[in-house]
Amino acid sequence: MQAQTEGRSLSPESRYPVYLGSLLDDQHWHHVTVERHSNHLNLTVDHSTMWVQVPSQFTHWDHDQLSVGAGRSLGSMRSDGLNRNFHGCLENLVYNGLNLVDLAKQKDQRVTVKGNVTFICAEPVFVAMTFISPQSFLWLPGVTQPSPSGLSVGLQFRTWIKEGLLLTFELPNQGGVLWLYLSKARLHLQIHKSGRAVVELSTGSALNDAQWHSVDLSSRRGHLTIAVDGEGATAHPNLFPITTGDKVFFGGCPTEGSSQKCVNPFGAFQGCMRLLTVDKQHVDLIMVQQRQLGNYSHLQVDMCGIIDRCSPSHCEHGGSCSQSWSTFHCNCSGTGYGGATCHSSIYEQSCEAYKHKGNTSGYYYTDVDGSGPIRPQLIYCNMTEDKTWTVIQHNNTELTNVQILPGKNQHSAHFEYTAAEEQLTAIISQSEHCEQELTYRCRRSRLFYAADGSPFIWWVGGPGVGQVQTSWAGAPPGSLQCACSLQEGCLDHKRHCNCDADRTEWTNDSGLVTHKQTLPVRSVVLGDVHRPGSESAYRVGPLRCHGDKNVWNAAFFDKETSYLHFPTFHGELSADISFLFKTTSSSGVFLENLGIKDFIRIELSSSTEVLFSLDVGNGPLDVRVTADFPLNDNRWHHVRAERNVKEASLRLDELPSATLQAPADGHIHLQLNSQLFIGGTASRQKGFRGCIRSLQLNGITLDLEERAKITPGVQAGCPGHCSSYGSLCQNQGRCVERSNSFFCDCGSSAYTGAFCDREVSVSFKPETSVSYNFNEPMANELNGSSSSSLSSSRNSDMTLRAENVSLSFRTGQSPSLLLYVGSSSQEYLAVLLNRHVCRPLPPSSVFNQPAMSSGGRMEDGAIYNTLEVRYRLEGSKETEVLRSKVKNLADRQLHAVTVRRLADAVSVQIDQKPKENFTLTSDAEFNAIRSLVLGRMHNAGDVDPELARVASLGFTGCLSAVVFNSVSPLKAALLHPDTSPVTVNGPLVRSVCGSTTLNPHAAEATHHLSGHSGSVGTGQPLVNNIRSDSALIGGVIALVIFVTASASAVVGRILYSRKGTCQSQDIKAEDGSERPFSSRADSSRYGVSEKQKEFFI
């Protein structure tokens, strides 16, 4: 049914169609009412009513004629399928109290009758039949003798399906078969005959629209024609004659094993047929029903049982509905919603919810009311270490100079936000705190001080259209004050704003609007801007909110008899329920709501299973999800249940959803009437003991905390979030509990960010130096370490028996100093890159070969950029050099290094390579540590000359995530430069070294399978395959092994006696742009001192 209003121009833009109802051509009476009330329209068809907001151009109906049964002078404009006049019966046609049918009978002059109109309903009644299942078919006798006029078969059909057989018959005495069928909603004909090419015809389109379509098949004089609704296709002439044979099958074929000769490769037809004709003879379907003609199975005669399952559509949120014969489908693409009926949002409801899924700062679609009517919106989420900010921009967040237009004595600005109005309201309402910056820079431009007491400036803020506000940021609403007045710091103590001092020099009033009832700021009006010498600028920052009251709204049920009750849950056609729980109990009911017969219940049925039970009148339905882990582990678990007219589903955490289909054509309305019980049942049995949090029903959060405050046996709130979310804190970040949330404390981590996952990286130039002084009392506080080895001592006598050093670097420079830690007693630790050249042994050597490293045989003259860790733990002894076997580290790729020492045991790990272990021979204590240096050392008097020369070159490249025990010098220099004991020389530019996913400890957790051997097989044991001369072969092999081992021992002894053969060398830099020293240095420069020991693994 379509109701349509039209303007006089009859253009497409002047028409406004409204549709309601479906399948109204069923030969039954239907009641239609159209009512217009000012700017809205009520359209009723039978028992369905649609309320429509009428566009403003149609609110005034200027018409002088009403046409019934035909449009007026629409001509070719009517391209919407309404180009046919009404054919049928109308009665009780009343317009504004006038019965037009009675007036027409009385030949009233106001009524004009045109065409064939009678005042009796003589509409013919057609007998239809319904093919209700894939087993449905009808067979009728065919025409055994060819007719002189040729073959003719006709029918009308209506269906929702795109594929299915309409009719088929064998070609008698011709060894062939004919099929007339639907494919892709088009009509197709195929004829297969032995020795002949296949004949194929097709016509029509979109024939699965549930409208009646007429089909005619005819074969006459060598021409074969099919037509649908008058449009047809014809095969070429000289076609062999076609007759139906003794049987014609409609809709399908009998089941396998039947004696009927019928083949259907196209699937069964499901829909309605009527007006069947064979050889121009009408088929009496009543005789078919009485089985006096032909035969049938799974057929309903004398009715068309087609149902429009998309009218009304059960697809929500703009999902498009399509249907087959027995069900409907919703296409949710592009809606932001999912599920069988596009009911549940695919997005989280807030930035807080995104954060606690492990997401970092960025733009996210948020749906503040879940499955409610508010659409998802793209929002920026700023995840900081302690708060999660929702940031909503508007059209002008920059500082804007005021320019007065001619004839204007005020300046006004209006702000349009990127979020819709209803979403703005919801975000502000559910946030714990919201704020918006207001700044006014002024010179001889006042805010509130006027002779008549009226303000020069005001702004509009708050929900809806907002309200006028007469205070500036930081002051209470309506106070005519600014923030400086509350702090008693205004320039003129007699005035309440800095700008009200009316001075000629620039000043400003700025602050934050934090009263949620006045947010967001919608417009600003500036008045004192037109005087000579007046200048001003304003800024309205973005709306910023943090804290989601819905996410952390929780209650603790400490008894099985405890429960909370709420009003009846109304989810007749669709309902979604989501919540989080944690418990140590193995069973209990989370939620229950009862009706007379219907009910809905979610419970923990065992320590590993959640059960969703419901009944909508079709019998109880149970949906279960079983986990392979315990659910009573006192950790948060997420439950999401949904019920709609198609199915019921349940999801637990990230496990696959369990789904049960609703019975076809069963009851669909969930009718409840009792109170909604949370944490228990009406019988007070099987109650839940534990915590329930963020309980939402159809997108609406139930306030558990407020109800718990007045309910015995239930406590508001539920602490203990780190057990579930602590793993989100990375890189030694520490999870800290809050009463209604948690955060990651990155004080002891070299990283920052919401989850301590953002690297702190610096790009170093040769002259850059970062020095951290351990003598300062603030050293440990700034790095948040109260339990580290540094926390017990903050003076120059600090002594360490262990160090834990980690850093990442990227450079093309070698040699270069990465990190240096010095002491007051001439002891130090240095981590550096150095170049090494392997020199061949003297010709007099028995084995004239180059030195070996643990990484394999080195080629003569090969250059290697390796990592060195140098320890001098006793000032009077020589430096010990620990050299890694990992080569070529100055390759401009990111490398992660970890150095750990405990007493005399040192381990070095680079990237994910195997850990290398060393043992020191000196004292195990690092005494009186004084400072840590990154980059260039400006005062290297306490170190060896060779190391001092390397240190003076500085470091060119990128350093990231530097940690010495619990001290993060780069983090202190960048984030706390004014309060940390850090000295920076040269340029210090924050950078991004590269991926921070390299885990230097990953090798420790890798399980190698090299120790497992494969299967020998199922044949004879291998020992039986050894030949009789195996003893001789074994003796020879043993001799060879002995000789080889002896030679290796001699070589090893000689190489050890000539340690240092592979020495550090001063090699020309690979890249001239990063070459920090002269290429003309002598060959011994930066080499290993004779007093230094080198350790090769």
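Every residue gets a Cβ built from N, Cα and C, even glycine.
Note: TrEMBL annotation is automatic and uncurated.
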Going by TrEMBL, tell me which one of CYS718, CYS722 is disulfide-bonded to CYS691.
CYS718
Inside 10 Å of the Cβ of CYS691 (disulfide bond), count up the other Cβ atoms and send me the figure.
23
Suppose we draw a 10 Å sphere around the Cβ of CYS718 (disulfide bond). How many other Cβ atoms does it contain, all chains included?
25
Long-range Cβ neighbours of the domain 'EGF-like' (306-343) (under 8 Å; 6 or more residues past either end):
21-23, 48, 130, 158-161, 210, 270-272, 365, 367, 371, 375-376, 573-574, 576, 642, 644-647, 649, 664
Can you count helix, strand and coil residues in the domain 'Fibrinogen C-terminal' (342-394) using DSSP?
5 helix, 20 strand, 28 coil
Would you mind listing the long-range same-chain contacts of the domain 'EGF-like' (719-757), meaning Cβ under 8 Å and 6+ residues beyond its ends?
352, 355-356, 358, 360-361, 383-388, 547, 551-552, 554, 582, 634-636, 691, 783-785, 788, 806, 961-963, 966, 968, 970-971, 975, 996
For the domain 'EGF-like' (719-757), jot down how many residues DSSP puts in helix, in strand and in coil.
7 helix, 10 strand, 22 coil
Integer mean pLDDT for the domain 'Fibrinogen C-terminal' (342-394):
92
